[in-house]
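For reference, Swiss-Prot has these:
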BINDING   Asp40, 62-64, 93-102, Tyr220, Arg239  substrate binding site
ACT_SITE  Lys95  active site, proton donor
Amino acid sequence: MSSITLQSYASRAAKQPNPAAKALLECMERKQTNLCVSIDVTNKQDLLDVCEAVGRNVCLVKTHIDIVEDFDMDLVHQLTQLSEKHDFLIFEDRKFADIGNTVSLQYSAGVHKIASWSHITNAHLVPGPSVISGLAKVGQPLGRGLLLLAEMSSEGALTKGDYTQACVDEAHKDTTGFVCGFIAMSRVDERERANTHRDLLILTPGVGLDVKGDGLGQQYRTPDQVIRESGCDVIIVGRGIYGALTTEEGKADKKAAFAKVSEQGERYKTAGWDAYLKRIGQK
């Protein structure tokens, strides 16, 4: 069997057992994009407007829903409508990290009711495998997917070594099929288990075309480094795309800022897809 990195998204989708991961791979192939935009804004309308601006260029929109100061269920309704209109999936970056019973409640209930609208979410393995079973109890019947945080892009992150190995091991032990991949900086599944035949997605943050860091510990690599060199599947880009909204000029002229957001979305989509085509030998 050839390395997963040499297979097309379409061929991988055909063999993918997790419904959310299958839908994501199909979307990536259909739209010719491996771009996920991380929208870390604190205003409901800005979140929706960024989705509108980047929707045609992305396969996935990543939210931190708990930072939205004027959150209501209408936001969820409109976000879901935009995902259908522009054909992308939603990833709530919740980073669950508690015992099974607690995370199942955090996932299904509370103010945000994440499981009802987010196709994919993620978790730290620090509490042990019960974090997987607790979330699977809620998410698997809904066809959702879970990513384990095997590695992080911030300087000094402790997600390495034995911890990363444990994430890979638990993903392969998961009999529910709910775990569908990792947040990681490289192809950790093949690196840690050379003979694995299970296809687990690798979504990678810390991607930028113009800067190498942010002064707060974030470290950036290019789409080519992430997709072609490291063999990852999805690039996660945040401020490199929506950053125009945070400048004084952007705050003063939002129309121009959102035009820039759209332009950057197109730029990263092209860079990510070109890197993928080179990886599988089609360019």
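Glycine too: its Cβ is placed from the backbone N, Cα and C atoms.
This view paints the features noted in Swiss-Prot onto the structure.
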residue : record                 : CB count, 10 Å
Asp40   : substrate binding site : 16
Thr63   : substrate binding site : 26
Asp93   : substrate binding site : 23
Lys95   : substrate binding site : 14
Ala97   : substrate binding site : 16
Ile99   : substrate binding site : 12
Asn101  : substrate binding site : 11
Tyr220  : substrate binding site : 20
Collapsed DSSP category at Ile99 (substrate binding site): coil
